[in-house]
Amino acid sequence: MPWLLSAPKLVPAVANVRGLSGCMLCSQRRYSLQPVPERRIPNRYLGQPSPFTHPHLLRPGEVTPGLSQVEYALRRHKLMSLIQKEAQGQSGTDQTVVVLSNPTYYMSNDIPYTFHQDNNFLYLCGFQEPDSILVLQSLPGKQLPSHKAILFVPRRDPSRELWDGPRSGTDGAIALTGVDEAYTLEEFQHLLPKMKAETNMVWYDWMRPSHAQLHSDYMQPLTEAKAKSKNKVRGVQQLIQRLRLIKSPAEIERMQIAGKLTSQAFIETMFASKAPVEEGFLYAKFEFECRARGADILAYPPVVAGGNRSNTLHYVKNNQLIKDGEMVLLDGGCESSCYVSDITRTWPVNGRFTAPQAELYEAILEIQRDCLALCFPGTSLENIYSMMLTLIGQKLKDLGIMKNIKENNAFKAARKYCPHHVGHYLGMDVHDTPDMPRSLPLQPGMVITIEPGIYIPEDDKDAPEKFRGLGVRIEDDVVVTQDSPLILSADCPKEMNDIEQICSRAS
């Protein structure tokens with residue numbers, strides 16, 4: 001998608017424990033990267049799949065499919081290590097991180113959208129219920145990154161669970177996620193006085209709160225009070241994004257699964273595109289094939305653009321008829337176990353490229369191959385983008401689309417026919433870690449897209465008539481490694497012969 005430039009041992013009720021941290025149990029608890037072994041998942045349904053209720057999805061010790069309690073604890077540990085570096089020179093200052101979940105959003109009265117968790121919150125704990133708060137607190141007398149992780153979650157409520165389904169509650173939250181402590185959401189207010197203290201640095205994204213109501217009820221008064229303190233509230237999102245930028249082996253495995261199943265969905269959608277065909281049918285076919293193979297949802301509204309509509313980069317109406325002889329550009333991806341894919345392919349719906357279509361398609365395919373070869377440590381998306389524009393400029397000259405263009409104007413001319421970047425970071429979000437600049441040197445573990453395109457509107461009088469109305473983009477998902485790049489979407493055909501064979505395959 002183009003991107004514009006154990007039965008848990010709970011702490012006693014807060015009413016009996018001033019400030020959440022003064023009880024005997026808290027002082028005796030061991031805080032470490034290892035989950036407490038005696039915490040058993042409650043033998044009931046929680047607010048999300050668990051190894052007890054969904055053994056076909058999660059192994060024991062996993063919080064979300066493929067990701068263990070230890071992995072989530074390590075993420076929190078790494079975040080507190082970054083905060084330790086940021087807070088150097090602030091000896092005697094407590095550090096507290098606050099991350100809010102998403103709320104439930106509604107399309108109309110009493111009709112909710114499917115809930116999707118805030119990805120920064122999800123990245124740090126794996127908890128998938130709305131109206132929750134994650135707190136990471138430094139420990140008195142211990143240096144960072146030592147800390148304790150606390151979840152504040154919705155209270156068990158039989159009347160609401162009758163309508164909305166089960167909630168994890170404090171016992172389920174602590175056992176499933178492996179955090180150190182869990183309380184009901186209402187008990188968060190008892191933590192606020194400590195955070196308001198002069199000796200406490202709070203890390204919280206008050207400029208872009210993910211949950212407006214929780215921000216208004218709890219965090220806005222805190223940020224206003226801290227504005228008068230020497231230790232003001234500092235944003236934490238960029239630190240989390242720095243961690244999310246480099247994927248672990250477990251994350252890459254999740255993304256490989258998403259890439260493979262999306263590739264298979266593309267193959268089946270290509271096969272189903274017999275001309276004439278409605279864009280809406282291909283949309284439905286693609287979504288069905290993703291979901292049938294285990295995807296949770298689509299990663300974004302797909303672009304299913306036939307003919308000249310492929311020149312609208314984020315065309316998502318998907319309601320027109322694609323005629324015999326036209327190509328379709330399908331930009332689609334899925335979300336599987338919290339990680340997404342993002343793939344684009346362009347093909348003729350009748351199964352045969354015309355000569356002009358083949359010329360333009362082969363030009364983009366060559367450019368994409370050259371850009372993929374640049375996906376190695378030390379280069380950057382900006383470097384690859386510059387190379388893409390150079391290559392596009394040369395191809396536009398070769399095809400006779402750009403004439404009499406001086407070398408110093410080639411970039412500008414190339415941007416006319418490819419107004420988007422070469423790619424973006426990919427992970428839990430499609431346009432992942434948006435605060436991270438594309439000038440960063442690539443490192444092993446980064447996942448990016450490479451998606452050159454050429455778009456020639458049907459009213460472009462400068463281009464040869466045979467190319468007018470054609471738009472081609474080819475997009476793959478790439479893991480940067482120490483060696484050659486790992487293409488997560490390698491199973492998705494893009495050679496012209498392969499595409500034509502699939503489209504002409506017998507039913």
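Glycine too: its Cβ is placed from the backbone N, Cα and C atoms.
Of the residues D342, D460, D462, Swiss-Prot puts just one in the Mn(2+) 2 site with D331, E475: D342. Of all ranges given (54-79, 106-131, 392-417), Swiss-Prot attaches the label region 'Interaction with TNFRSF1B' to 54-79.
Record check, Swiss-Prot: Mn(2+) 1 site residues include D342, H424, E475, and the candidate from E289, E382, E451, E500 also listed there is E451. In terms of DSSP helix, strand and coil, the region 'Interaction with TNFRSF1B' (54-79) has 11 helix, 5 strand, 10 coil. Put plainly, the binding-site residues D331, D342, E475 were compared by Cβ crowding within 10 Å, and the winner is D342. In the three-state DSSP classification, E451 (substrate binding site) falls within coil.
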